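The structure under discussion appears below in the form of structure tokens.
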Amino acid sequence: MAALDTANGSSLRQAFGNVLAFFILVLIGIIAFSIRLFSVIKYESVIHEFDPYFNYRVTQFLTKNGIYDFWNWFDDRTWYPLGRVIGGTVYPGLTLTAGTMWWILNSFNIPLSVETVCVFTAPVFSAFAAWATYLLTKEVKGTGAGLTAAALLAMVPSYISRSVAGSYDNEAVAIFALIFTFYLYVKALNTGSLFYATLNAISYFYMVCSWGGYTFIINLIPMHVLLCIITGRYSSRLYVAYAPLVVLGTLLAALVPVVGFNAVMTSEHFASFLVFIILHVVALVYYIRGIVSPKMFKVAVTLVVSVGLAVCFAVAAVLLALVASSPTKGWSGRSLSLLDPTYASKYIPIIASVSEHQPPTWPSYFMDINVLAFLVPAGIVACFFPLSDASSFVVLYIVTSIYFSGVMVRLMLVLAPAACIMSGIALSEAFAAFTRSIKFQLLGQSETSQSDPGDTSSCSIETQNDVAKTNKNEDPIKERPSKRNKKKEKEKEKQKEKEPVEKSSMKSQIGKRLLVLPLEASLIALILLVLLCGFYVVHCVWAAAEAYSAPSIVLTSHTHDGMHVFDDFREGYAWLRHNTDVDDKVASWWDYGYQTTAMANRTVIVDNNTWNNTHIATVGTAMSSPEKAAWEIFSSLDVKYVLVVFGGLVGYPSDDINKFLWMVRIGGGVFPHIREPDYLRDGQYRIDSQATPTMLNCLMYKLSYYRFVETDGKGFDRVRRTEIGKKYFKLTHFDEVFTSHHWMVRIYKLKPPKNRIRGKTKKSKSKAGSASSKRSRTQKRNPWH
Amino acid sequence: MARSTSKDAQALFRSLISAYAATPTNLKIIDLYVMFAISTALIQVAYMAIVGSFPFNSFLSGLLSCIGTAVLAVCLRIQVNKENKEFKDLPPSVLLLTLSSAI
């Protein structure tokens, strides 16, 4: 009778639970979508920053010309005169996804523009990523943990920062692909089904299409397989989960033009092949052990070890020689800088100069993953009770992503899903323990049976010993992770909360006795946990609204008489678009290349792709040279207009004068006559009256500060907080054609060479001003010599 | 020492052959298929070593698809093997469906 009741009750409860979970997931998707809409509400529906403009332009081309033209597209409006093969150098996943969405919507006669689809791609895919996190965590720990992890991921600020509405960048879809691939791998590992292994390979293909960070997947999964083999957890499910992924995944990855043959030739993929071979060896060993008697097996082992090792060493030596012969040992520059963080600053200054590639500071961890930083160690401990293949995988994931996020701040984005999964597991275990205590206490009181609420343990001495033993075991485990976070008191609170969890899980293994806490303690702890989550939500919403929603193409400032909007960038690009010829070339620093081609629709010399260091160094040299030499360099590149960004009037700190030292360094790396110490006075970078003459005469100084003294009479630069050194000067080779409203964008035109030279012979040209005409009369000097 | 190892090797060899002869016929057919796929892959590698790897795409695709069919056949064998305790409750139709979808 009681059994039937509970059976009916439990199935009803299960159905109710499923419906509730479904509605919670819908709500989580809505949260993930709407928290990213702050930028659209506060500013407008516009594409942000720099890289998204390139993706937007590529998507425009795709929607206008179709996929075959897109695949074979050679773009001649960037990197003049070299051009760029877009089809072969771009990761097509994002643009193909947005293009497909636009095409589907248009075939339903919903006329959304390409820009709208591009702006809202990221929020839509972040909702998908939250659902994928739910699926992944459900495979590891169960539905409760899954829902918590999904809710945490929907709001985590690190992910919001790269996926607000308008941030149309690769990571918007790549993080979804990453989590979904991991989910399919764990599912294939748990069930041993070839169906999920195939889906895993297809999802991995989507990840390869989307982001260069796919190498993380193809190295993490082999690492996990190796871990399973070493810890003795080899099973045939492991084989089914991993082996098809390697073969199918490599085949599919080689299909993407960006990757091409790199899928089998670069060191980033070798780990997967190595583990593939090791897995087959292990599988063979297990198979032979299964069909042969133990004595024969020992004989086989000695035979194989003696013969096989010799062969192995020979092959490995050949391979190592091949790899060591290449200067970077087969790794690409970006991957090497992940393994050796000092590599980029020594050898490739362009990679070192990107602010996203710097190591993060400690406060940025708290800003980006907030409360999760404390919950992660608790989650790691919870994963060990019990340790399964799936939980060892997520532990490996979080450990490696913590290391990589410490190297490059951009990779905090990869840490965010791992932190959410761990915290979700920790929170759900804690909630389960407390609610179980409360339920037991309440039921115990209503049945008037054994323990009064004052008891903290059930009533045998044996369990007291077990409690002491588990305490001793957990303390050393928890001490090590607790060193990682800053707030020790919160960690002690978590320790106290984790103890009942561990005790209860131990208990359920030994006997069926439940360990409960006092009613008041668990109630208070529950309230505190809910408060913790409340703080997290408040922080996430604040971060999304204030810190990460700025489109950086429109700037705002709050003065006492309201909000002031600086729309100078779009003003400058619109001027270029309407007042110059279609084929005019514009030179600027590489930061603004993508925006110039997308918004102003003019050919640029260098852009954000930074694939050709010499070309960038040429532009850097031109900016660092005096006017005449710069004019020579620019006219050899057919440049008509030069664009500089200047923030000194309004205090915009990311202008070209602040970036100037990078121009000098990169230019000096290729052209040795540009020396950085020439521009520094006593090792200090100054632009005031104490600056070096090289600095005061270089093109960047002149183009930034031309006529600047007319604004306030003294030429006070608000960013550098000094008066400028050279105030009154004329430009001899450039004409100022446009300065935006707040002087942030300044455009100059190259003056055409003089038609007629005064004076006929060399003898009459004794003045200094005629030196230029003498040079223009003789061969035009080649700037490359 | 050498004689004992060679005697052991022969004993091992014989025991392996006798143990393998005991496997059921359908598994032996799958093993034959795997051998065939791997031998095709080896032939392709030998051809590349002789003639050169010019259309690297075709070499890569041929090699990887041979290895792929071998791996998938091994997976099928794993799942069909009755001695494998983890897969005992899957009907054969499901297995064939997954295999065909993978290929």
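Here, residue 1 is simply the first one shown, and the rest follow in order.
Just so it is clear, glycine is given a Cβ too, placed from its N, Cα and C backbone atoms.
Straight from TrEMBL, the features:
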COMPBIAS  A:446-468  compositional bias 'Polar residues'
COMPBIAS  A:469-504  compositional bias 'Basic and acidic residues'
COMPBIAS  A:755-766  compositional bias 'Basic residues'
COMPBIAS  A:774-785  compositional bias 'Basic residues'
DOMAIN    A:19-422  domain 'Oligosaccharyl transferase STT3 N-terminal'
DOMAIN    A:583-642  domain 'STT3/PglB/AglB core'
REGION    A:446-504  region 'Disordered'
REGION    A:755-785  region 'Disordered'
TRANSMEM  A:20-41  transmembrane segment
TRANSMEM  A:85-105  transmembrane segment
TRANSMEM  A:117-136  transmembrane segment
TRANSMEM  A:142-160  transmembrane segment
TRANSMEM  A:172-198  transmembrane segment
TRANSMEM  A:204-227  transmembrane segment
TRANSMEM  A:239-264  transmembrane segment
TRANSMEM  A:270-288  transmembrane segment
TRANSMEM  A:300-324  transmembrane segment
TRANSMEM  A:392-409  transmembrane segment
TRANSMEM  A:415-434  transmembrane segment
TRANSMEM  A:514-538  transmembrane segment
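Counting Cβ pairs under 8 Å to the transmembrane segment (A:85-105), the top-ranked stretch among A:172-198, A:300-324, A:392-409, A:415-434 is A:172-198.
Most Cβ pairs under 8 Å with the transmembrane segment (A:172-198) belong to A:415-434, among the candidate stretches A:142-160, A:415-434, A:514-538. Counted as Cβ pairs under 8 Å, contacts with the transmembrane segment (A:142-160) are highest for A:415-434 among A:117-136, A:300-324, A:415-434. Within the chain carrying the transmembrane segment (A:20-41), a Cβ under 8 angstroms from the stretch's Cβ atoms is held by residues 48, 119, 122-124, 126-127, 129-131, 134, 143, 147, 150-151, 153-155, 160, 163-166, 540-541, 544-545, 549-551, all 6 or more beyond its ends. Confidence for the domain 'STT3/PglB/AglB core' (A:583-642), expressed as mean pLDDT, is 90.
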